[in-house]
Amino acid sequence: MAATLFNGTSNSSNDITIDMLDYQYIDNCSNIKELEKILRALRSGKDGYYPHLISHCEDKVRGMNPTSKALRKLNPITRTKDLPADEAEVITNGIGEWKNEIHSNASDDQVNGCNIPPVRQTTTLKAGTKSTVTNPSSKSQRIRSYDYKAWDKFDADKECENAEKQPQEKPRTTPTSKIHRNKKMSDKVDATGLSEYEMLVRATSEKDKGNEAFKSADFEAALTYYSRSISLSRTAASINNRALAYIRLQRWKEAESDCNEVLQLEPDNLKARLRRATARKELLKYIEAKNDLSFVLDKEPHNTRASKILEEVEQNLSKSSSGDASQSSRTGRKMMIAEVSSDEEETDPPTANHCEIKEKDVPDTVQSEVAPISATVNGDDTEKVSKDDKVGPGDVETTFAAEEPHVEQPPPEMPQSVLKIKNSGKELFLSGQYADAAQLYTKALNTLQACADKSPDLDHSCNIALLYNNRAACHLKVGDDKACIADCNEVLILKGMDTKALIRRAYAFEHMEKYQQAYLDFRSAQTVDWSIKQAQDGANRVASHLRDIHGPKWKSVLTGDRMIVTQHQKTTNSNQEEADREKKKEEIRRNLFDSLKNNGNTEVKKGNFEKAVECYTKSMNICPDEIASYTNRALCYLKLNKPVSAIEDCTEAIKRDPKNIKAMFRRAQANKNLKKYKQALDDLNKVLQLEPENKSAHAELMVSKDAAKKEKKRKIIIEDADSDEEAVNISENNGKEDTGKEEVQSKLENIKPTVELEEFGNAWNAVQPKHAVSTYKMILDRVPVKNIPELVTNKTTDHMIVTFAKIARYHLIAGVKEEVDRAYGILSSLSLAQRFNMAAMFLSKPDKKHVSAAIDDLEAALDTGSFTKADVENLRVTYML
């Protein structure tokens, strides 16, 4: 008690007493921790509420430590009534609109019959119905462990009998579970009203559910969930997972179909290859399965599962081959029956393994917007087409009515070794690996040629033409038009009027902009079969190009109906040798181009943009039609701050490919650097039309729009002075300059044609008045243009830049080539002086007007001078105009 009276009433903290809650004590206290405790004690209000003392203590703490945690205050929650009237109205109206929208969406879903589960809500029981929920008060109370009197009265046997007599309660079911208890889940999800992002999220959720079902070995449910995910978004992962579910359910054809779709999206997907091999093994397609497994083992040599399946496939192949051999020895020759699709027509029975190419054996189209024609080459080399089908430029089998005499003896069968290589090439083509497929077709051709040399009695011309045709399709896919034309020529030599070769060669000529040859090939195909719509469309399209180039009399430029080389018009050995030499030259040229382009890419990665420009320029000289060289060099020009040159390269690239996104994007960047914002925005909008999700284009578009707005605000309309006023100003200046000429005349007489640094500086600084341009011109005329940076040194000022611009305009007035070139040299050499960038940065608006007028005059004198428009534009950028 005495201690309490002596020290004062104690606070919640034992360290704070009443005598500490005093102004003088707080002022004298230097311990921040103790002050914070005092402040907390004052705020607690246990010893009374003293607002002025609290404020005084807070000021003391704030002075010692402004970031103290004790100074933090919790702001009260802002309510609607605390807000201004307009903000409160906006919030209230927004909530109301949101409620109305939710109710309207709910009503629309009910009207449209959307399969949406009911909203969770409490269940209300009507009067008169018996509730299965027992009243907690009616339940027997549990006996406490310490209630010994109750335990004495407890009869265990009686309670057991009562428990046996009570009926077991059935589990309660919600209305939703009753509705959906036996309902089978749909394989598709209704995506009505969902955005793309919501569809993607929902698809990911369904795929995850399928993964969980697969882990629990419920493959049917996993298949359903994967199908629901694919209906929302067809991703390779979901289709690949569904293929695995099909394999677990032993539905091999569906699994193979899904794997084919995955490989179209991702040709190098090893999981899809392995699963397709598993399905094909079960479908007894051992050769195709072996090809898939070989591809997997090439990529992953240590894949034990692939090795194990490959062993099984090889064992099955050996068994089947031995079984066939024994059966043939017993029963004689085996007849092979090939199924023919309903849209194909046959005139004679097909010969097994002879030139039979169905729709899946044929490589797909190249840059085609239409579907391919299915065709079958029969024993008499006759091919039929459905009139309703359309042909793309890369279709391998385009058919025609035969005009050659009937062949009495069918051609020989293709050797098994060649057929195996051909099938492998077909698989690579279907998976999008066109270059590898072309190599396999080349290998098949060499093997078949060797077989033909060993057996000269057998005529393999049909089979050789088929391989040339397929390899031409591969060349057309990869853009090797010359090789495609060479292969098509070989086909025409071997088979005569072959429409598929004619159309393919016509597309190659069209790609090379040889429209006359392309038109003649399309017309030749039409003369063979008018039902081929592809030939009709191609002829009309090329005719429009010829009409635009040569005008209404474009047909007069055609060299006449060029005769198609037939089997009876074979080329001579000299022509063949010349073609081989041209092919070798083309290969050498292509290798040199690739080498130069790769060197340029390496220099770009190192930051050596000037060397990269040299490499790309050399590669363009070798292959002028390659767009990559133009776009890459444009990038280097952008890095070197040469936007005009970059625009020229991008324009050339766009001429060759109007939808080249890189060229449009880089030309937009160059136009933005030149402050040509309208052209930049046009290019960026075109890029976003082709690729709406291009983030770089979106960012560049926002920057260009902001820069255009700022430039529009800074733009000042300046009217050019009348010619009379300029004449007056010049005459006045000449009058004032006379005084300056007299003062510096003596110094000018001592200046030699090659001015020294000290002489030039003294003469330049002695000019009075400072606007005497003609006097400055007299000094500068004695200076060679190349010495200007050395004489100016680091004395570059805004006044000097403006004076040099005015002197350049004096030279341009003469209109003579030497004077015009000197004017350009003066402005160009001054930009190389020290401190030029700093001085140009601080040019005033009137000064920039003088400099801009001088550069405009230079641009007007392009025909007289030896400089280019690109040089003038680069000069404008250098002067920051």
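Each Cβ is built from the backbone N, Cα and C atoms, and glycine gets one as well.
Here TrEMBL flags 160-172 as compositional bias 'Basic and acidic residues'.
Under the heading compositional bias 'Low complexity', TrEMBL lists 318-329.
Annotation source TrEMBL lists domain 'RNA-polymerase II-associated protein 3-like C-terminal' at 758-848.
The annotation region 'Disordered' is assigned in TrEMBL to 160-184 (among others).
Per TrEMBL, region 'Disordered' is recorded for 312-369 (among others).
Within the chain, the repeat 'TPR' (236-269) has long-range Cβ neighbours (under 8 A, six or more residues past its boundaries) at 203, 207, 210-211, 214, 219-220, 222-223, 226-227, 229-230, 275-276, 278-280, 282-283, 299, 431-433. For 236-269 (among others), the entry in TrEMBL reads repeat 'TPR'.
Within its own chain, the repeat 'TPR' (593-626) is flanked in space by residues 512, 632-633, 635-637, 639-640, 656, which lie at least six positions past its ends and keep a Cβ under 8 Å from the stretch. Annotation source TrEMBL lists repeat 'TPR' at 593-626 (among others).
If you look up TrEMBL, you'll see 627-660 (among others) marked as repeat 'TPR'. Within its own chain, the repeat 'TPR' (627-660) has Cβ neighbours under 8 Å at 597, 600-601, 604, 609-610, 612-613, 616-617, 619-620, 666-667, 669-671, 673-674, 690, 869-870, 873-874, 877, counting only residues six or more beyond its boundaries.
Outside the repeat 'TPR' (661-694), and at least 6 residues removed from its termini, the chain residues within Cβ reach (under 8 Å) are 627, 630-631, 634-635, 637-638, 641, 643-644, 646-647, 649-651, 653-654, 700-701, 703-705, 707-708, 711, 873, 876-877. Among the features that TrEMBL reports, repeat 'TPR' is placed at 661-694 (among others).
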